[in-house]
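So that you can see what the record holds, here are the features copied from Swiss-Prot:
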- CYS281: active site, phosphocysteine intermediate (ACT_SITE)
- 42-160: domain 'Rhodanese' (DOMAIN)
- 196-337: domain 'Tyrosine-protein phosphatase' (DOMAIN)
- SER387: phosphoserine (MOD_RES)
- SER392: phosphoserine (MOD_RES)
Amino acid sequence: MVTMEELREMDCSVLKRLMNRDENGGTAGSSGGSHGALGLLSGGKCLLLDCRPFLAHSAGYIRGSVNVRCNTIVRRRAKGSVSLEQILPAEEEVRARLRSGLYSAVIVYDERSPRAESLREDSTVSLVVQALRRNAERTDICLLKGGYERFSSEYPEFCSKTKALAAIPPPVPPSTNESLDLGCSSCGTPLHDQGGPVEILPFLYLGSAYHAARRDMLDALGITALLNVSSDCPNHFEGHYQYKCIPVEDNHKADISSWFMEAIEYIDAVKDCRGRVLVHCQAGISRSATICLAYLMMKKRVRLEEAFEFVKQRRSIISPNFSFMGQLLQFESQVLTTSCAAEAASPSGPLRERGKATPTPTSQFVFSFPVSVGVHAAPSNLPYLHSPITTSPSC
C-alpha cells in the first residue's frame, strides 16, 4: 500500500494552468457540484475534491470542486475506513467514473493542506485518499499544496465565494387607487420583512410572505418558482411563477416532516430546470426555514447543527418551533444513519411516505412540546425558543 509520504503533491500554479487551459477550451465548469466537476480540467479527465467541512466549502471553493462528506457521524460509523458512498453520497456519476478509471487524476485539498508526510492518519484528506486508492486504483491522486487558502489567495478568479445579494429596491408606497394585499395586518416593515430573500444555495432562497408578494424582488433574483409553506398566505402571481403549497400551521401539533420529501423533490425539480425557488411562510422564520434545513440535511448529508448554522448565517432570525426541531432531529437520524448501500441505490428515495393530511398528526416525528408559535406573530412577540441548536434570543 502506498503511504501518505508517497502521495504526489501539486503546486497551485499547476492547477491554475490546467483550469486556465480548460477555460480557453470552453470546458471548465463555472460552479461547484458534480456537473462542474465532470467538465473540469482537460475535458473531465481530472476530479477536484474539497475535503473541508460543508460550511467552509459553502463560503468559498475552487470552481468545479466537489465537497466530500466526512462529518463526525461518518467517521464514527466508518471506524477508520470510509467508502465512496459515504464521502460522495449524492454524486453517483462521479463514483461510477472513479470506479471505471475515467479520471486520469484526482486532486484533493483542504483548508491549508500541509505536506503529504505531515497529514494525520485520521484527517479527512487521509480518509478520502485511502477510499480513492481502494476504489480507483488506476487513478493518480495529488494533494494541492497550500490548500484552498493559498489557491484562493493567489488565484481568486478561479474561486467562487458567497456573494452579498444585490441591493433590493425599497417598497413602493401604494397610491390611493392601488394597494397590495400582503395578507397581514401589520404596518410598516417588521424585522422579518426587511431586506430581501436570502440565498441559501444558488437555486434556493428563503424569505417571508412579504417577499413573495414583491414581484420586483422576485424578478431581480431570477426566481421562477415559489414554495408556499402555509395554509393562508396567498399566491399573488400565479400566472407568472410556478407555485406549490404545503398547508402547514406553525404550532406544536403540525406534522411538517411528512412533507419533507415532497418539498425536496419540488426544489430539485426547479433546480433541474435551471430555475430558482423561493421558500416562504408568513415570516420566513419557522416553517420555511424548517424546509430549507431539511433540504440541506438530505441533499448535502450534513447534521442539523451544521445546516442550522449555515442558514442562520444568511437569515439570523430563523427559529423553527420546538416540535419542528424535534422532527428535524428525527429526520437527521433517518438521513445520516441510512445504510450507504441504500443511499447509493436510491439517493432520492423517500424516507417515509406522506399520508393524507389530517387535523390530528399521526407521525412518529412529531414531538409534542407544550410550546407553539403564533402563525401571524410579529418578531417582537415571538417566543424565541431555546433548543440545542437555537441557543440565543437573536436566532
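Cβ atoms here come from the backbone N, Cα and C positions, even for glycine.
Broken down with DSSP, the domain 'Tyrosine-protein phosphatase' (196-337) shows 68 helix, 20 strand, 54 coil. Model confidence over the domain 'Rhodanese' (42-160) stands at 85, taken as the mean pLDDT rounded to a whole number.
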